[in-house]
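Please read the structure below before turning to the comments.
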Amino acid sequence: MAYTLPQLPYAYDALEPHIDARTMEIHHTKHHQTYVDNANKALEGTEFADLPVEQLIQQLDRVPADKKGALRNNAGGHANHSMFWQIMGQGQGQNGANQPSGELLDAINSAFGSFDAFKQKFEDAAKTRFGSGWAWLVVKDGKLDVVSTANQDNPLMGEAIAGVSGTPILGVDVWEHAYYLNYQNRRPDYLAAFWNVVNWDEVSKRYAAAK
């Protein structure tokens with residue numbers, strides 16, 4: 001079962017002006033496609049070729065040593081981006097405010113004190129991730145936490161590989177290819193804009209499944 005590039009659940013220009021159409025098209029058809037292609041190449045002839053990518057990245061300790069680096073980077077990239085596209089949309093909040101509601105909002109308030117405090121902690125994790133990587137909202141032991149990972153690592157890989165653990169329910173890509181065309185080196189501006197396109201309905205579904 002070869003991995004395939006997932007279709008976006010919206011048009012490339014759907015997230016404008018916050019994330020521009022050209023960035024979305026290149027990010028999806030070039031960068032993500034490359035991760036898919038390289039993951040498939042590394043998986044050829046292995047017993048792991050039929051695993052869903054989320055399961056594969058949780059079992060990297062079982063992967064042959066000569067495949068581990070390629071799969072950590074490329075299966076990780078495929079998993080990360082597949083989630084990234086899903087947790088974005090045109091903003092779906094109550095009364096026009098793009099923020100979560102219900103159990104997820106209650107859990108955020110419990111874990112971080114307020115939604116604004118959570119946003120600040122998440123942005124700080126993303127801003128201070130040196131070089132390329134991701135910031136994540138994860139569920140761990142039934143509780144929410146904010147973590148970050150380098151390169152294409154994912155919390156599902158576990159602490160031994162990624163340095164953190166948990167089930168991610170929200171993630172933001174801070175590789176420069178995710179924002180450079182529109183924001184150049186202004187990562188904080190990109191992160192501030194990101195909140196306008198988070199699909200909290202999708203994040204809430206992921207929280208309900210992970211808690």
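Yeah, the Cβs are placed from backbone N, Cα and C, and that goes for glycine too.
What Swiss-Prot lists as Mn(2+) binding site is H27, H81, D173, H177, and the listing cites similarity to another entry. Note: H27 (Mn(2+) binding site) has non-local neighbours H81, D173, H177, A178, i.e. same-chain residues 6+ apart with C-beta under 8 A of its own C-beta.
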Neighbour count (Cβ, 10 Å) for H81 (Mn(2+) binding site):
23
Among the binding-site residues listed here (D173, H177), identify the one with the smallest other-Cβ count within 10 Å.
H177
